[in-house]
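A.B. asks: Feature list, courtesy of TrEMBL:
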type	residues	note
ACT_SITE	190	active site, tele-phosphohistidine intermediate
ACT_SITE	503	active site, proton donor
BINDING	297, 333, 455, 456, 466	phosphoenolpyruvate binding site
BINDING	432, 456	Mg(2+) binding site
DOMAIN	6-127	domain 'Phosphotransferase system enzyme I N-terminal'
DOMAIN	154-226	domain 'PEP-utilising enzyme mobile'
Ligand code: PEP
Ligand code: MG
């Protein structure tokens, strides 16, 4: 039966395909006593054998579709599964204690996991994570429950999930995943941001999609308006096929602006950059006529893997982006882990408020070796292009000074080793904490540039979690309070002769763009897929008029008033 849901439009485009449910299975069980321990051991061994052949299959497919790197994780799982030192004690536990295979598996693996996790050795801690994954697989076979294997997707699907973590998203094969829909999340949750960079249509925050959808049901994802239709009628499919082709025609029109500069009607040039997460995203930046990389979220380099990337690996990635941009600016943001971005191999404390907690630069200050490795890799790569470095989540001027000092230490170290480092690297900060926005005049004396991170700035200013659809009504980019902060930051930068950019999602928002242009923003960095439509818009706008419009917007009381003002102007 047809069911329609409303969510938050997270990534443009229309997808029509079968549902693939990516949901955590229920693996709960009771501890029981068994009489026939021999049969129970056999049941356990069978589950191990099936898990082994399944893992082998996943590894082969992953190698082909996602590459050797991503497939390695499954090799590690196979090693665990074939390790007699782990498997034999489980069988013995069943025999000696007459317990069911599920609880023997749980108890014995808990012991090993506890032991490995307490070791001061990164390699051993990773083995603990492997054991957890393997245990889950064997348990699913014992309980006859299917666990989803996204690496096995080999036909066109719409992925349906409660939420997608950035590392889940990183593992999706864009050839087959045509769209995705989630229960929770907002427009600026990182899964939504990644969907935009992969150019996969997405709707997030539907509340109940996982509850309403069955595996294999047809789904329409309308990432333009935030609608989802489960089990659509033939008429609905025909309608959306038409919307899809109209959207493609519109994109073809925008595409004509690919090699043009971004100049307003009255001749004012601004820079339209792209936000990227991996060197592979450069293809999209170039295809969409990006004039710079305004935000390289380096944390994605640390995700979807089992250990920290080495200095060499990082150097190669940064070099690829810098040389790929061929002298155009590349703003690289240092590691911003925490909040909704976690690493399986980095044990972060469980926090009540992870977005207010131990994340980004705070975490780097506490893990100086980790930070130093990244800074060295960046500095080494600096000779391959136009590098600008920025620090995330800066709240105080002293934090900036400390980060800068660590960068200078790393530079001195490299120079002493005889390694060449560019001496024209600009150094900036993200403005995403209200304290930094309010004190922008002081920061502007010490930094080379600002990049306004509205995704976080809005959540901290409005005290509304960017991931939480229940409070998404408070997530108001056009609220005059936000606009005033943005204006303060731009003015403070200009007063000191510095430039101000924006790399939050607001920079590519079609209602915000006229206001930002009017407020004097120098650089707009957005999902690559938003660049051409923003260029098309800016070419139709007069910057002097937009300055007046922005001044008027700053004097409004509500977000609705601001939107009405902009709409009135654009309708004229
Ligand atoms: C931001 O906060 O606006 C930003 C660009 O950073 P992130 O979305 O990665 O937190
Ligand atoms: Mg941020």
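These residue numbers are counts, starting from 1, taken along the chain as shown.
Including glycine, each Cβ sits where the backbone N, Cα and C put it.
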A.B. asks: In sequence order, which same-chain residues at least six apart have a C-beta under 8 angstroms from residue 456 (phosphoenolpyruvate binding site)?
C.D. replies: 355, 393, 430, 432, 433, 466, 504
A.B. asks: What three-state secondary structure does DSSP assign to residue 333 (phosphoenolpyruvate binding site)?
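C.D. replies: The residue in question, residue 333 (phosphoenolpyruvate binding site), is strand (DSSP, three-state).
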A.B. asks: Among the recorded positions 190, 333, 455, report those whose Cα falls within 10 Å of that of the residue listed as 'active site, proton donor'; none is a fine answer.
C.D. replies: 455
A.B. asks: So which of 190, 432, 455, 456, listed as recorded positions, have a Cβ under 6 Å from an atom of ligand 2?
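C.D. replies: Cβ < 6 Å from ligand 2, in sequence order: 432, 455, 456.
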A.B. asks: Once near-sequence residues are set aside, which residues in the chain of residue 455 (phosphoenolpyruvate binding site), 6 or more away, have Cβ atoms under 8 Å from its Cβ?
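C.D. replies: In sequence order, 188, 193, 432, 466, 504, 505, 506 meet the Cβ cut-off.
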A.B. asks: Could you tally the C-beta atoms, other than its own, that fall within 10 angstroms of the C-beta of residue 333 (phosphoenolpyruvate binding site)?
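C.D. replies: Counting Cβ neighbours of residue 333 (phosphoenolpyruvate binding site) within 10 Å gives 25.
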A.B. asks: Rounded to a whole number, how many Å is the Cα of residue 190 (active site, tele-phosphohistidine intermediate) away from the Cα of residue 333 (phosphoenolpyruvate binding site)?
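C.D. replies: Answer for this pair: 15 Å between alpha carbons.
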A.B. asks: Whole number in angstrom, please: the longest C-alpha to C-alpha distance across 297, 333, 455, 456, 466 for phosphoenolpyruvate.
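C.D. replies: For the residues that bind phosphoenolpyruvate, the greatest Cα distance is 20 Å.
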A.B. asks: What mean pLDDT does the predicted model reach across the domain 'PEP-utilising enzyme mobile' (154-226)?
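C.D. replies: Mean model confidence (pLDDT) across the domain 'PEP-utilising enzyme mobile' (154-226) is 88.
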A.B. asks: Could you count the residues of the domain 'Phosphotransferase system enzyme I N-terminal' (6-127) that DSSP puts in helix, in strand and in coil?
C.D. replies: 81 helix, 16 strand, 25 coil
A.B. asks: What kind of secondary structure is residue 432 (Mg(2+) binding site) part of, going by DSSP in three states?
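C.D. replies: Where residue 432 (Mg(2+) binding site) sits, the three-state DSSP reduction gives coil.
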A.B. asks: Helix, strand or coil at residue 297 (phosphoenolpyruvate binding site), per DSSP?
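C.D. replies: For residue 297 (phosphoenolpyruvate binding site) - judged by DSSP and reduced to three states - the answer is strand.
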A.B. asks: Within 10 Å of the Cβ of residue 432 (Mg(2+) binding site), how many other Cβ atoms can be counted across all chains shown?
C.D. replies: 26
